[in-house]
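Annotated features, as they stand in TrEMBL:
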TRANSMEM  20-45  transmembrane segment
DOMAIN    38-286  domain 'G-protein coupled receptors family 1 profile'
TRANSMEM  57-75  transmembrane segment
TRANSMEM  95-116  transmembrane segment
TRANSMEM  137-160  transmembrane segment
TRANSMEM  196-222  transmembrane segment
TRANSMEM  234-257  transmembrane segment
TRANSMEM  269-288  transmembrane segment
Amino acid sequence: GNRTLLTEFILSGLSSRPELQHLLFFTICFVYSMTLIGNLLICMVTVHPSLHTPMYFFLRVLSFLDISTASVVVPKMLVNILSEDRSISYLGCVTQLYCVVFLTATEWYLLAAMAYDRYVAVCCPLRYPAIMSTRACLSLVLLSCCSGKVVSVVQTAWVFNLSLCGPRRINYFFCDIPPLVLLSCTDTSRYERQLISATVLVIFTPFCLILLSYACIISSILRISSAESRHRTFSTCSSHLTVVTLYCASGTLIYLQPKSSNSQDTKKILALIYTTVIPTLNPLIYSLRNKEVKEVLIRVM
């Protein structure tokens, strides 16, 4: 019955200190602009005929997911920084949580698909065109989206079936699972166990598949006699490993302890990195460490 009384929530934002609001606004606005520009450039560059390979197809999808994740969180956050009214409707909160979980879960499964693509390219180069066909790539992306949708529907339903009878103020800058769990006035230990299981399913299962793929890749690289060939082969994989490490570290620290109120400020910083900073870094990581992308980007510019 108390759930029906909650028609809106109040987002406290990143900081309550008035003197920091304008600095936060311009900093986040700049980072968001770089996210849009960088990822749109990646989308444009990877359409080039010389980059019509599965690796760049997955990179284009990853850039689209990064733009979407940042756009679900950042515009509302920017409005709230400069506005005295920081409310978000109940339906708006449900929608935002659903979209964030869907996009981030889909991105995790996509990273696993990208690791599989690198495994086939390095370990089965002669069969690579047959295995990683256009149909196979589209199927992997569709499977990632379907998996992300299932995770998002289940997690959103679980959270909003809790008795959210606490204060409607959310100590966060967007609707996410950990701050919403803190609003519950009932025992959430069962839900927290379910969330940990979901975290293992969404993060650690793809992470283990990625590690297995790279164990096989490193084994194949070490058998290459030419040092230059070893370096060139590993450089195509190092960018992906960097992104996976950033996602795994921040996502694990946020969701493995959902009701740890003592670390809420720390979780805000991690969530900011997860939803805003990493989408900005992805184009830099993939373009600066990839000779082919740099060459095409220079021609496009």
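Quick reminder: no glycine exception, Cβ is built from N, Cα and C everywhere.
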For the transmembrane segment (57-75), find every same-chain residue at least 6 residues outside the stretch whose CB is under 8 Å from a CB in it, and list them.
28, 32, 35-36, 39-40, 42-43, 46-47, 96, 99-100, 103-104, 106-107, 110-111, 113-114, 117, 137, 140-141, 173-174, 275-276, 278-280, 282-283, 286
The transmembrane segment (196-222) in contact with the transmembrane segment (95-116), cutoff 8 A, at least 3 CB pairs, sep 6+:
yes
Please tell me whether the transmembrane segment (95-116) and the transmembrane segment (137-160) touch - that is, whether there are at least 3 C-beta pairs under 8 Å between them, with each pair 6 or more apart in sequence.
yes
